[in-house]
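Q: Straight out of TrEMBL:
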- HIS32, ARG58, GLU349: substrate binding site (BINDING)
- 165-272: domain 'Mandelate racemase/muconate lactonizing enzyme C-terminal' (DOMAIN)
- ASP302: site 'Increases basicity of active site His' (SITE)
- HIS329: active site, proton acceptor (ACT_SITE)
- GLU349: site 'Transition state stabilizer' (SITE)
Amino acid sequence: MSVSGAIERTRSLPRIAHVRAFTVRGGGADYHDQGDGHWIDDHIATPMSRYPEYRQSRQSFGINVLGTLVVELEADDGTIGFAVTTGGEPACYIVEKHLSRFLVGRSPAEYEKIWDQMYFSTQYYGRKGVVLNAISGVDLAIWDLLGKLRDEPVYHMLGGAVRDELQFYATGARPDLAKEMGFIGGKLPLHHGPAEGLEGMEKNIALLSDMRAKCGDDFWLMYDCWMSLDLDYATRLAHRAWDECGLKWIEEALSPDDYWGYAALKKAAPPGLLVTTGEHEATRWGFRMLMDMECCDIIQPDVGWCGGVTELIKIANYADSRGVMMVPHGSSVYSYHFVITRHNSPFAEFLMMHPGPTEVVPMFAPQLLGEPVPVNGHIRASELDRAGFGVELNREIALQRPYSNS
Ligand SMILES: C[C@H](O)[C@H](O)[C@@H](O)[C@@H](O)C(=O)O
Ligand SMILES: [Mg+2]
């Protein structure tokens, strides 16, 4: 095809005709929205753990209050691109009442200009959080639509695979089972924060020691602290977990806003222990702050929360230029299509969404149809060889459309 032919092909792409935003409850992209007895809501330390009434369950303080946002973009030829992320009804409002004006009548190939307009038109009330979740959901749906119109997987549009397969670590309560399943490591949720004092610290170390004994010396073990600690506690935990249990990384120990605390923790951490964070950070500017202030060894953006693929390209390139690893927070196919194209993303996260977790189940079930899952801890690049993100929306689930833009 001549250059003019390729340009004409892009210019003649169908345009976005309809924008629809749905919310849905029960698992899926808002993966904390689970039933009783799930490992992901079992006395996990959080910033709210300082209040005893909110210590046993994260749902008690509202971790699952939003639910899932489903963004659906229908082109004027009937092709549909969609994506799911965390956002629920508030995000539906932002998509339908604000962002849709930058989408209807536009080509999905204009994702840079559309992103710029979505971000700067909401900057006065957005910049991070649910507004960036909404922008991310729209951006992911644009890339899905573009891939379906071009009959290309997203990872092809991002430059193609740099390796034949993805390897995963597993997040969940059973790293011992994750090892048997072929994962390269296991990330445990931290159960006790500063409010539970030395007794809680001893329980944290005892659990990690038990898992180290079960998993052997070479299997990666990590702690996910979900913003629950202060600098002193995090430093003490880092040294004990490294010295006694060979912890590989301590994740999101402090508030995402405490760049100064992360910089101090990274300096105080034992040489060899990695400090990681970023899943609740957003945009190139937020991640530049983490990297320029030398807050962490690995950044962990969630592509459904940080700004989408269009923004993650900028974040990942800056990380690559600084020699910083970029391992996205678990976000199913939305991160797989990105990670497979990046040398500074040598592995990915798989969130174990089975309640035990005693088996591998799709991360965003029941919302996505055709969602690949790791087999023996790996997914081959060829499994991503379907248009867009390669998944379809399960239309049997209870999709609600609380607002409209027409
Ligand atoms: C397991 C952690 O507490 C969170 O629930 C988890 O979603 C997130 O922090 C992660 O890194 O997977
Ligand atoms: Mg985490």
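Each Cβ is built from the backbone N, Cα and C atoms, and glycine gets one as well.
Any TrEMBL annotation is an automated prediction that lacks curation.
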Q: Looking only at HIS32, ARG58, HIS329, the recorded positions on record, which one has the least crowded Cβ, with the fewest other Cβ atoms within 10 Å?
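A: If we count Cβ atoms within 10 Å for the recorded positions HIS32, ARG58, HIS329, the smallest count is at HIS32.
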Q: By DSSP assignment, list the helix, strand and coil residue numbers for the domain 'Mandelate racemase/muconate lactonizing enzyme C-terminal' (165-272), in that order.
A: 53 helix, 20 strand, 35 coil
Q: Once near-sequence residues are set aside, which residues in the chain of ASP302 (site 'Increases basicity of active site His'), 6 or more away, have Cβ atoms under 8 Å from its Cβ?
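A: Those within reach of ASP302 (site 'Increases basicity of active site His'), by Cβ under 8 Å and sequence separation of 6 or more, are GLU279, HIS280, PRO328, HIS329, GLY330, SER331, SER335.
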Q: So what sits near GLU349 (substrate binding site) in its own chain, CB-to-CB under 8 Å and at least six residues off in sequence?
A: PHE168, TYR169, THR171, LYS187, GLN300, VAL327, PRO328, HIS329, GLY330, SER335
Q: Given the substrate binding site residues HIS32, ARG58, GLU349 in the record, what is the largest Cα to Cα distance, rounded to whole Å?
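A: Comparing all Cα pairs, the maximum is 21 Å.
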Q: Reduced to three states, what secondary structure does DSSP give ARG58 (substrate binding site)?
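A: Going by the DSSP assignment, ARG58 (substrate binding site) belongs to neither helix nor strand, so it counts as coil.
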Q: Considering only the recorded positions ARG58, ASP302, HIS329, which possess a Cβ situated under 6 angstroms from at least one atom of ligand 1?
A: HIS329
Q: Tell me whether GLU349 (substrate binding site) sits in a helix, a strand or coil according to DSSP.
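A: Its secondary structure by DSSP: strand.
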